[in-house]
Amino acid sequence: MAFNWRLLIGLTILSFLLSSTATANDDISRAALANASNTCNNPYRLVLVKLWINGAEHESIGGLSAAFGSLLSTGTKNTPRLPATYTKPLNGCSSSSSKLSGSIALALRGQCDFLTKATVAQAGGAAGIVLINDQEDLLEIGCPDNSTASTITIPVVTISKAGGDVIDKYISAGKKVEILLYSPDRPILDYSAMFLWLMAVGTIYCASFWSEFTTSKESKYYEQAPEVNAGGAREEDDKEILNITTKSAFVFVISASTFLLLLYFFMSSWFVWLLIILFSIGGVEGMHSCIISLVSSKCKGCGRKTLNLPVLGEISILSLVVLIFCVAFTIFWAATRKASYSWVGQDILGICLMITVLQLAQLPNIKVATVLLCCAFLYDIFWVFLSPAIFHDSVMIAVARGDKAGGESIPMLLRFPRVSDPYGGYDMIGFGDILFPGLLVCFAFRFDKARSKSLLNGYYIWMMVGYGIGLLFTYLALYLMNGHGQPALLYLVPCTLGVYVVLGLLRGELKDLWNYDSESTKVADSLLEDA
C-alpha cells in the first residue's frame with residue numbers, strides 16, 4: 001500500500017476515534033429517569049418479556065419494571081403465560097373496549113401518566129401491563145406527586161419502541177401473541193468482561209512488540225547500522241511514521257467533538273453506513289498490513305514476485321492475494337454484521353486496525369502525551385457526564401448506542417457477548433480507550449529500548465500494569481453505576497500518564513522524558529558507535 005494511503009487512514013481513524021471512547025456496557029438498560037415520588041418503593045429491575053407466537057417460543061424482549069406495582073418472579077416456573085391484548089384506545093388512558101381480563105395489556109406512551117394507565121388496565125381485569133415507549137429507551141417509571149401507587153397490584157413493565165414494534169408486527173398479522181414476564185437476577189461479573197480486558201491489553205502488547213515480531217535478524221542488523229542502508233528501506237519506514245504534535249492533539253479533540261455533534265444531531269442509518277465504510281477501509285488496510293508484515297518476516301522471498309496491474313501498478317503477488325482475502329473478509333463481515341457471530345469479524349478487523357495505527361502514529365515525548373491525553377480525558381468526561389446539562393442527554397452514550405441509527409450500530413468498538421447474563425447483549429470498549437493510552441504505552445516501550453532499560457527499571461511494564469488496573473476500575477465503575485456508560489479515560493489516563501509522570505519525578509528523568517527526541521537520540525547513538 002502507498003504511504004499517503006496509509007497515512008490518510010491513520011489520520012481519518014484518529015480524527016473520529018474520540019467519538020467512540022465511552023464504554024457502553026449495557027445494551028438493555030437505557031434508562032431515562034421520569035418524575036418519581038416517595039410513594040414508589042420498588043427497585044428498578046431489568047425484565048425479560050418472553051414471547052410465544054402461535055404457540056412457538058420467540059426471542060425475548062428486554063424491559064424495565066416500574067417503581068410501583070407487584071414485583072416479578074426471578075424465574076419462569078410458577079409464572080403464567082398470558083395472551084397480549086392492546087388497550088382501546090391504544091394510549092390506555094380510559095376504559096378499554098377490548099377485553100383485558102386474564103391478559104397482559106399493551107398500552108402506548110402518551111396522553112396521561114403511567115399510573116393512570118396501570119389503574120385503568122387493572123380495573124379492566126388485566127394481569128399485567130406492558131407500556132411501550134415512543135423512543136429507543138427503557139423509562140424508569142416513577143409516580144406523579146400525591147399518587148396512590150399502593151393500589152396497583154399488577155406488574156408494570158416498560159419496553160422500548162423497537163420492542164413494541166416486534167410485538168405489533170405479529171399482532172397486526174393476526175397471530176396469537178402470548179407473554180410471560182419475569183426478572184432473573186444478573187451475575188455480579190460476566191466472563192465477557194475478562195475476555196474484553198484481555199483483548200484490550202493484548203492489543204496494546206502486540207502493538208508495542210510488533211516491530212520485534214516482524215523484524216528479521218537481517219533487518220535488525222541494518223537497524224543497528226543505518227549508514228549501510230541510508231537510502232533504503234529504513235528511510236522509507238521512517239517516512240511512514242506520523243509524529244503527533246501538541247497542535248495536532250488539540251486538532252484531534254476539536255475535530256472529534258465536531259464529528260460527535262454531527263453524529264448526535266444527524267445520526268441516521270446512512271450516517272452509520274458511512275462509518276461502516278470508513279471502518280471497512282481501515283480494517284482492510286490494517287489486516288493487510290499485519291498479515292504482510294508477519295508473512296514477510298517469516299518468508300523472505302515470498303514478496304519478490306510482482307505483477308504490473310492497470311490501477312494498482314506494480315504489486316507483489318503476495319500483497320495482491322492478501323488484499324483480495326482482506327477485502328472478501330471485510331465484505332463478509334459487513335454483509336453479516338447483524339448476525340450473532342459478527343462480533344468476531346469486527347474484533348479481528350478492529351484489532352488489526354489499531355495495531356496498524358499504533359505503528360503509524362507515535363508520541364515523540366511526554367509533553368505531547370500530556371497534552372493529548374489530558375484533552376482526551378476532559379473530552380471524555382464532558383461528553384459523557386456534563387453534556388446532559390446542555391443537550392438534556394449524554395451525547396457520547398446516545399451516539400454509542402445509536403438511538404437514531406435505524407437499528408445500525410457504530411462499528412468502532414470491540415465487543416464480546418455476555419455469555420452468563422440472561423439478558424444477553426455485549427460488553428464493549430471504544431477504540432479510543434485502547435489507542436490513546438496505547439500511544440503512551442508504545443512510547444514507553446521505545447524509550448526503554450533506546451535507553452537500554454531493564455524490565456523493572458523501565459517504564460513499559462508499569463504502563464501495562466497501570467492500563468490493566470485502569471480497565472479494572474472502569475468495569476468496577478460500570479458495576480457500581482448499574483451498567484450505565486462510563487468514560488473509560490477517566491480511569492485510564494490517571495493510571496497510565498499519572499503513573500508515568502510520578503515515576504519520572506521519582507527517578508529524576510521527567511525532564512528527559514518531557515523533551516525527549518527519538519531522532520536526535522538515534523543520531524547521537526550513531527556518532528558514539530562511529531567514534
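Any Cβ shown, glycine's included, is placed from N, Cα and C.
All TrEMBL annotations are machine predictions without curation.
The signal peptide annotation in TrEMBL covers 1-23. Per TrEMBL, the feature domain 'PA' maps to 89-165. Here TrEMBL flags 191-210, 249-267, 273-295, 315-335, 341-361, 368-386, 428-447, 459-482, 488-506 as transmembrane segment.
For the domain 'PA' (89-165), the DSSP-based tally of helix, strand and coil residues reads 18 helix, 19 strand, 40 coil. Here the transmembrane segment (459-482) has long-range neighbours at 23, 25-26, 29, 188-189, 193, 197, 200-201, 204-205, 208, 429, 433, 437, 440-441, 444-445, 447-448, 453, 488, 491-496, 498-500, 503-504, meaning same-chain residues at least 6 beyond its ends whose C-beta is under 8 angstroms from one of its own. Recorded stretches compared: 191-210, 368-386, 488-506; the one with the most Cβ pairs under 8 Å to the transmembrane segment (249-267) is 368-386. Counting C-beta pairs under 8 angstroms (sequence separation of 6 or more), the transmembrane segment (341-361) fails to reach the transmembrane segment (488-506), with fewer than 3 such pairs. Outside the transmembrane segment (488-506) by six or more residues, the chain places 21-23, 366, 369-370, 373-374, 376-377, 379-381, 429-430, 432-433, 436-437, 440-441, 444, 459, 462-463, 466-467, 469-471, 473-474, 477, 513-514 with a CB less than 8 A from a CB of the stretch.
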